[in-house]
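Sequence annotations record features per position, and here TrEMBL assigns signal peptide to 1-19. As annotated by TrEMBL, region 'Disordered' applies to 21-42. The annotation compositional bias 'Low complexity' is assigned in TrEMBL to 27-42. Per TrEMBL, domain 'Cytochrome c' is recorded for 47-132.
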Ligand code: HEC
C-alpha cells in the first residue's frame with residue numbers, strides 16, 4: 001500500500017499542475033483575436049471637424065440646414081444618424097453637396113455647390129458626421 005501512495009500522489013500533483021497551466025483553464029479567457037470591428041473607419045480628425053464647422057458658416061449651408069431641426073434641408077444631426085462616419089460616406093455626401101442632390105430626404109432638391117473646393121466640402125461633411133458621436 002505504501003509503495004503505491006507515492007506514485008499516486010505524484011500523479012495527482014502532476015494533473016493539477018497541468019490543469020492550471022493548460023491554455024484556457026484560467027478564469028480569464030484571452031482570445032488572440034480582437035473583437036471584429038465593422039470595417040475600420042479612419043479616426044475623425046479634430047482639426048477637420050473644427051475647420052468644417054467654420055467653413056459651413058462661410059457658405060450658404062446654414063440658410064437651409066440647422067444642426068437639430070429640419071429647415072429646408074435635413075437637420076445635420078439626422079444626416080449624421082443616417083450616415084456613419086466613413087471614407088465612403090464622406091465621399092458620397094461631398095459629391096452630393098458639390099453636384100446637388102435630391103430624393104433622399106424629400107421632394108426639395110439641394111442646389112449644387114460647384115464653386116466649393118472638394119477638400120473643404122469633405123471637412124464640412126466630417127463635421128456633420130461627427131455630430132453623431134456626441
Ligand atoms: C437651398 C437650400 C440648401 C442649401 C443652401 C444647402 N442645402 Fe444641403 N440639402 C438641402 C436639401 C433640400 C437636402 C435634401 C436633398 C435630398 O432629399 O436628397 C439637402 C441635403 C444635404 C445633405 C444630405 C445629403 C443626402 O443625400 O443625404 C448634406 C450632407 C447637406 N445637405 C449638406 C449641405 C452643405 C454642407 C451645404 C453648404 C455647402 C448645404 N447642404 C447647402 C438644401 C440645402
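Placement of Cβ uses the backbone N, Cα and C atoms for every residue, glycine included.
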Is it possible to list how many residues within the domain 'Cytochrome c' (47-132) are helical, extended or coil according to DSSP? 51 helix, 4 strand, 31 coil
Any idea what the model's mean pLDDT is for the domain 'Cytochrome c' (47-132)? 97
